[in-house]
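Listed in TrEMBL:
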TRANSMEM  26-50  transmembrane segment
DOMAIN    41-291  domain 'G-protein coupled receptors family 1 profile'
TRANSMEM  62-82  transmembrane segment
TRANSMEM  102-121  transmembrane segment
TRANSMEM  141-165  transmembrane segment
TRANSMEM  201-227  transmembrane segment
TRANSMEM  239-261  transmembrane segment
TRANSMEM  273-293  transmembrane segment
């Protein structure tokens with residue numbers, strides 16, 4: 001019986017947020033606004049850093065990479081979610097389509113988390129070893145670290161996605177989220193998933209726990225170095241360059257850890273729905289706002305870029 005079901009085409013559909021069309025329309029508008037703000041904000045950061053030569057430093061190089069990742073990360077989830085929410089009928093996703101979305105979600109999300117650890121290392125070198133900063137953080141190393149984040153994310157995503165989609169899925173199923181996430185899809189399998197759950201936990205430790213521990217260790221040394229700075233202005237400047245990054249780290253790692261580092265047996269679709277909205281829509285939207293508000297150099301560069309654009313429009 002199970003074998004016969006596997007031979008048919010496997011189709012998935014997403015669980016709606018609400019059965020009321022009015023609520024679905026409201027959710028669509030909110031999600032669309034968040035997506036547009038996320039794309040616009042992150043694109044502004046990338047273009048501002050690219051245009052302004054004074055921002056061509058390792059810190060802003062990594063920030064531009066992070067903003068680029070956020071653009072692709074949001075675009076992996078948002079378009080299909082918006083189409084699903086707006087549609088009056090079920091939005092059906094094929095096995096291959098679901099696998100592709102899951103792969104890019106894991107790939108870009110993992111690279112994002114690893115890059116945040118790289119950025120913490122950059123701040124550690126800048127504050128704890130300022131005289132050797134340009135020597136240590138060479139452009140060659142910066143490119144290697146950025147590419148390394150992508151490569152590790154790619155390898156982990158490929159292995160996990162292939163492993164999950166080799167599972168037998170009996171028939172068309174309802175995914176308890178608004179996108180193809182690992183745990184909800186794994187729950188639809190007609191087989192023992194203990195090995196897959198263990199693999200997901202290992203990947204989560206590599207992507208979340210280890211980078212977070214490295215970030216924490218970096219900030220222990222950073223705070224110690226900042227407290228030794230005698231001038232209040234110097235301490236404030238050092239804290240301001242780190243506060244935006246630390247805020248993003250807490251947002252990014254907070255919700256994802258509550259989902260992927262908890263035992264899969266305790267997974268709740270309702271809780272997963274709420275946390276997923278945070279790290280797929282809210283965090284990508286807030287990241288550019290946090291960096292632009294808390295970073296004086298970037299804020300000034302953005303202001304100049306807007307003023308330049310307005311002057312060109314008047315001419």
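First residue shown is number 1, and so on along the chain.
Including glycine, each Cβ sits where the backbone N, Cα and C put it.
Remember, it's a predicted structure, so these values are computed and weren't measured experimentally.
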Chain residues in Cβ proximity to the transmembrane segment (239-261) (below 8 Å; excluding those fewer than six residues from its ends, i.e. six or more beyond): 59, 109, 112-113, 116, 119-120, 123, 126-127, 182-183, 200-201, 204-205, 208-209, 212, 215, 219, 222, 226, 267, 271-272, 275-276, 278-279, 283, 286-287, 290-291, 293-296
Contact yes or no, the transmembrane segment (102-121) and the transmembrane segment (26-50), 3+ Cβ pairs under 8 Å, gap 6+: no
Tertiary contacts of the transmembrane segment (62-82), as residues 6+ beyond its ends and Cβ separation under 8 Å: 14, 28, 31-32, 35, 38-39, 42-43, 45-46, 49-50, 91, 93, 101, 104-105, 108-109, 111-112, 115-116, 118-119, 122, 142, 145-146, 149, 178-179, 280-281, 284, 287-288, 291, 298
